[in-house]
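Noted in Swiss-Prot for the protein shown:
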BINDING   112, 113, 164  S-adenosyl-L-methionine binding site
């Protein structure tokens, strides 16, 4: 499964909504597709053969437990999210790391260049209630991060840029979560990760944080690293950082 080629729907009442999405993403409308974006009455999901339906979720109920793990998380120690700090998640994926950062009060802008993943993220944002919106400041732009950064004016530079590149596919095992398997197959390797890191260093106020496999050599020598069990967070400081 490398591409999603269709939009499906659970019942005929959802056909019009599914057709609009299919037109928007230039996909076919196919109610019987076994691999597709799948519209249900509750939410937009990703339907993949041999997997249960997958979807993005930004409800505070879901993420309050992860916040409860506190600042011991490598992600939090590396990014140091606090109320009002602006974080650009340049490779949003399922939006899970962005959601965790937002629970600590950060203002997080997600970028996602894959149109299918961007559609799933947008749907998750649209399902939030007022309490979710107040507690987690999340927004989304469906864009390639490199193009977005080139268009950014200096006054709009984020405090932190967070990058979680899709690395070369790991060995298939039960240890690789289904969401990661899907991203690996759908998106593939981010071969422009090095370019993105270098560009980010000239478009950020405080630091660039890169999530990378623990046993894999960093793309660039970091200024600092925070180790986890299977991943680490490499930290890069811009030359003229004031922080």
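Keep in mind that glycine also has a Cβ here, set from the backbone N, Cα and C atoms.
Annotation note: residue 113 (S-adenosyl-L-methionine binding site) sits in a coil segment as assigned by DSSP. Fewest other C-beta atoms within 10 Å: among the binding-site residues 112, 164, that description fits 164.
Among the record's S-adenosyl-L-methionine binders, 112, 113, 164, no two C-alpha atoms are more than 13 Å apart, and one pair sits at exactly that spread. The Cβ of residue 113 (S-adenosyl-L-methionine binding site) has 142, 143, 144, 145 as same-chain neighbours under 8 Å, each 6 or more residues away in sequence. For the S-adenosyl-L-methionine site, the Cβ centre of 112, 113, 164 serves as reference, and the other residues of the chain with Cβ at most 8 Å from it are 89, 90, 91, 92, 93, 110, 111, 114, 117, 145, 187. Classification of residue 164 (S-adenosyl-L-methionine binding site) by DSSP places it in coil, neither helical nor stranded.
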